[in-house]
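Asks: Would you mind keeping the following structure in view while I ask a few things?
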Ligand code: SF4
Ligand code: FES
């Protein structure tokens, strides 16, 4: 089914009817004890007194399940900062949602992990800032964080909850990738996700300090390929390569408004976590509008669905069904136009400039990390 949509001053666009979303990321809170310099949360954080209440979140989970969502990612900030985390998890499980907790581990105890397991938590993703107390605590800006993560991993294994380690890589820790993979094995993780830093939100301020060099990126790609072979059948290794050093953009969010949605701590519903950086869009709130109406009918979700919005370069390109034109927020940040071809694409007229910038940034002497302010 297709709908024709016009907004003021626009010509009618043919927008394909979206299938129901598969995944929802619930940003339960922006509160977080860590201060990572690559934090992708917005510069303006939601205050605790603006957060959805326990009942409101459970109502959102119910709407999500009714809408067809299968996977619920409980995230933040640090979701363990919410006192009702176990209650929220239990409610989501009872609605038939697959629950995945994305956490730094700080704020979790053995007892709380036992309660989460009893509530039916399906999976836990633990962030990793480095492979030693020195590097992890320095990058995360939190003393004692590494020790707590190691304890959390052991409690999670003891409780029988499947574990994934999430490591964000950048210039300061890119040489630790093989050690991160070894650590994942030692901690009995089933999966490790090695994602190169993305420069959204606060991370933008640390571009010069965090941009990896071309050599680091090439070495990281080789390390991952070798480790995948070595640990086949033992550990799944997901790898998100560096955007600025890739030939093509990734299919950000699996395509805008195609697979998933994000709900902010105060209930705004976004097609991706950085969507609010696109000034032409406004976002509706589950406190006022149903999740289904927002998913199917809101201007923000329909803005980049289908192909009619694409520039000719993407519309006539065979990869448009692979990457859906790339990342809209990156196009906004780098081209100043959210409907431009993602400048990471080798076919974009901006690509050459981007490569020069990335090379220059990656060889800039770091002025030190600017930690996430709270
Ligand atoms: Fe993707 Fe557009 Fe580049 Fe083609 S031109 S590879 S669709 S970003
Ligand atoms: Fe928003 Fe990629 S981060 S579309």
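Using N, Cα and C of the backbone, Cβ positions are placed for all residues, glycine too.
Copied straight from TrEMBL:
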BINDING   32, 36, 39  [4Fe-4S] cluster binding site
DOMAIN    18-235  domain 'Radical SAM core'
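Buried or exposed, and what's around them? Tell me for each listed feature.
Replies: Annotation for residue 36 ([4Fe-4S] cluster binding site): same-chain Cβ neighbours under 8 Å, separated by at least 6 residues, are 129, 139, 140, 141, 168, 202, 371, 372.
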Asks: Using the CB centroid of 32, 36, 39 as the [4Fe-4S] cluster site centre, which other residues of the same chain sit with their CB within 8 A?
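Replies: Sorted by sequence, the hits are 34, 35, 38, 41, 77, 140, 202, 372.
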Asks: Within the chain of residue 39 ([4Fe-4S] cluster binding site), which residues six or more apart in sequence place their C-beta under 8 angstroms from its C-beta?
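Replies: Within the chain, residue 39 ([4Fe-4S] cluster binding site) has Cβ neighbours under 8 Å at 32, 201, 202, 203, 372.
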Asks: For the domain 'Radical SAM core' (18-235), what's the model's average pLDDT?
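Replies: Result for the domain 'Radical SAM core' (18-235): average pLDDT 95.
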Asks: Helix, strand or coil for residue 36 ([4Fe-4S] cluster binding site)? Use DSSP.
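Replies: In three-state terms, residue 36 ([4Fe-4S] cluster binding site) counts as coil.
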